[in-house]
Amino acid sequence: MTIHLLSADHLSQGLDVVARLGVNPRRLGPDILAAVPGLRGVLVLATCNRLAVLLDEPDGAVTPPRGPGESSLAVREASALLERRAGMPEGSAGLSAVRGVDAYRELIATAAGLRSMVVGEREIAGQLRRSLVRAAEEGTVSADLCRLVERASAASRRVARETALAGAGRSLVAVGLGLAAQRMPALEGARVVVVGTGAYAGATVAALRDRGVRDIAVHSHSGARAAHAEGLAQGPRGHGAGTDRATAFARKRGLAVVGPHELPDCLAGVDLVITCRGLGSPVITRGLIDDALSRRRAARERASQEAAHPLVILDLALSRDVDPGVADAPGALLIDLPRIRQAVPAAQTAQVEAAEAIVAEEAGALDRLMGGRRMDPVIRALRGRAEDVVAREAARLRPVDGRVDLDDAVRALERLAAALMHAPSQAARAAGESGRAQDYLTALSMVLGGIGVPDSPAPRAGGAR
């Protein structure tokens, strides 16, 4: 078994490449498994700043690299598939590829948040676990990939326990909210709408509540479209159709719902918009924002109010949910991932070094575990051989009234021992004849432990005395 890790991230390839490669991660695992011969398993981890693909290749199927710096055939074929899906020329993505213990180390470091835009953030560990669940549902996960993810998750928890990396404020959402709060009177009293209903939207709602925000509504563009297409009535805010994705998300968290036709009114009345869909097409357009800003100005004029703070829009999606042109709209402030990246607080060097040391230790332990697992077929073969001998000798016994004579049982055990020791005994003779007796004794000690064999066998006849 060989584990490969193929990846693109915000540091090495940049957010634009990651966005193109990860624009449609659904069914990517099954597609790779079907396209690359010999793979035992595939797991895909797609986040807002990386796309990582784990490949499990049997040792017998591994095609070695063509030369220094070259990747194996499985990695080359998986890379080409990723680039084709993204509409990119082959080899243009510059994907990173590591294998074996290097792959274990990189996955553990990723799970611990050491490769994240915000070093130490904990969301990535949950995303990795959900990726494992999805791979299991799609039928692409192997036992070794499952074991690898579980150990990486456990190692990430150890990093969180033994270092201060996962402290308060170390997440993309927290950094983004910090930037937004700088341009708002008081975040606690803000009116907020979250666009999206996935796991990251849930983390966003939790972060808002941690900051004291209570007036939160949710809008699901895709869910709203589906409900509208099926003729499901969307009632007033907070009373959406029961089958709408936003309604289910909101009910679980005690939020209000913004229906498909209510989004323009909602945008005109809120202080903060947070988007985290990342489905490849903007849902917050320049037209929507211009209309919302016009309504806000008209409302202020009617109330004879002075200019308020800008409408803050926080786009947390890798594939932008907000039209970039919104950044030029007077009265709007767009905060996107590149801007958040610039504001990320630096992690303490000592804490990062401590975390990297834990990662190296855990990767080494995992490498030893995986190395032991490679011997599973050998162990099964040994047990199978012993069971065959036992079955053969048991068949020779002749019980009388359900009982076996003691002498017969002893002879059966003697035959069993002789059968089991025949091949090792023959190998011992051959090793002595070829002058490799010490090699044999070393191997025998490794297999059977101490059995009272002299360290140095007697010299062959005719040798020095």
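Positions of Cβ are set from backbone N, Cα and C atoms, glycine also.
Some features that TrEMBL has for this protein:
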- 8-163: domain 'Glutamyl-tRNA reductase N-terminal' (DOMAIN)
- Thr47, Cys48, Asn49, Arg50, Ser116, Glu121, Arg122, Glu123, Gln127: substrate binding site (BINDING)
- Cys48: active site, nucleophile (ACT_SITE)
- Gly196, Thr197, Gly198, Ala199, Tyr200, Ala201: NADP(+) binding site (BINDING)
- 354-447: domain 'Tetrapyrrole biosynthesis glutamyl-tRNA reductase dimerisation' (DOMAIN)
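Same-chain neighbours of the substrate site beyond Thr47, Cys48, Asn49, Arg50, Ser116, Glu121, Arg122, Glu123, Gln127, judged by a C-beta within 8 angstroms of the site's C-beta center, are, in sequence order, Gly113, Met117, Val118, Ile124, Leu172. Cβ neighbour density within 10 Å is lowest for Gln127 among the binding-site residues Thr47, Asn49, Ser116, Gln127, Thr197.
Excluding Gly196, Thr197, Gly198, Ala199, Tyr200, Ala201 themselves, the residues of that chain whose CB lies within 8 A of the CB mean position for the NADP(+) site are, in sequence, Gly202, Ala203, Thr204, Phe249, Cys276, Arg277. Ranking the binding-site residues Gly196, Gly198, Tyr200, Ala201 by Cα distance from Thr47 (substrate binding site) puts Tyr200 first. Using DSSP to sort the residues of the domain 'Tetrapyrrole biosynthesis glutamyl-tRNA reductase dimerisation' (354-447) gives these counts of helix, strand and coil: 80 helix, 2 strand, 12 coil. In this structure the C-alpha atoms belonging to Thr197 (NADP(+) binding site) and Asn49 (substrate binding site) are separated by 19 Å.
Confidence across the domain 'Tetrapyrrole biosynthesis glutamyl-tRNA reductase dimerisation' (354-447), taken as the mean pLDDT and rounded to a whole number, stands at 86.
Looking only at the binding-site residues Gly196, Gly198, Tyr200, Ala201, the one with its C-alpha closest to Asn49 (substrate binding site) is Tyr200. Sparsest Cβ environment among the binding-site residues Gly196, Gly198 (other Cβ atoms counted within 10 Å): Gly198.
Maximum intra-site Cα distance, substrate binding residues Thr47, Cys48, Asn49, Arg50, Ser116, Glu121, Arg122, Glu123, Gln127: 15 Å. Rounded to a whole number, the distance between the Cα atoms of Ser116 (substrate binding site) and the residue listed as 'active site, nucleophile' is 9 Å. Cα separation, Tyr200 (NADP(+) binding site) to Gln127 (substrate binding site), rounded: 9 Å. Just so you know, of the recorded positions Cys48, Arg122, Ala199, the Cβ with the fewest other Cβ atoms around it within 10 Å is the one at Ala199. Here Ala201 (NADP(+) binding site) comes close to Val194, Val218, Phe249, Cys276: these same-chain residues lie at least six apart in sequence, with C-beta atoms under 8 angstroms from its C-beta. You'll find the Cα of Ser116 (substrate binding site) roughly 17 Å from the Cα of Ala199 (NADP(+) binding site). According to DSSP, Tyr200 (NADP(+) binding site) sits within a helical segment.
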